[in-house]
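Visitor: Below you'll find the structure I mean.
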Amino acid sequence: MKSLSCIAVLFLLALTLPLAIASDPSPLQDFCVGVNSPASGVFVNGKFCKDPRIVNADDFFSSVLNRPGNVSNAVGSNVTTVNNPPHTHPRATEILVVQQGTLLVGFVSSNQDGNRLFAKTLNVGDVFVFPEGLIHFQFNLGRTPAVAIAALSSQNAGVITIANTVFGSNPAIDPNVLARAFQMDANVIRDLQNRF
């Protein structure tokens, strides 16, 4: 009977272990101020962090959001850190709050759900949540700069910009593969790849 109880406990542990491994690790300290040089930081949860004993209020402050960024680029956006083109982050849910302007936002559900588009026009004060791992976008509908604040549920969201990944991989994906996937001529695919 005792061995049967041990087997049951081991079985339950085996079932829960993948859940523990698959989630974000719990932080080992209150905060991690990222540093560019491993020599000047401590290694915590897979990241190099500034020594917490020398962190100060300036490490958590930025005045960069009070001025518009340069949006004269291919996707018409500036990441400060706000993203515009279709992208995904497989390890984080995102919440977006509009501070200024009007944004068209949306996400597409998975194949199993029929690739449904969930889209909404957001105005100042509106909030929208993008579920973890689903392709989503934000697009400025107005003629003036839009400002939004985004927060992610992971310290390493793993951002993947769809167009850059598909058409700008290094080395390039064989155009015939993409032509079949997108049901387009391979020459159109090559043209798209040349833009990235």
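Glycine too: its Cβ is placed from the backbone N, Cα and C atoms.
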Visitor: Among Cys6, Cys49, which cysteine is annotated in TrEMBL as forming a disulphide with Cys32?
Guide: Cys49
Visitor: As a quick check of your reading of DSSP, tell me how many residues in the domain 'Cupin type-1' (50-190) are helical, how many are strand and how many are coil.
Guide: 32 helix, 39 strand, 70 coil
Visitor: Tell me which residues of the chain lie with their Cβ under 8 angstroms from that of His136 (Mn(2+) binding site), as long as they are six or more apart in sequence?
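Guide: The list for His136 (Mn(2+) binding site) reads Pro86, His87, Thr88, Glu94, Val105, Gly106, Phe107, Val108, Phe130, given in order along the sequence.
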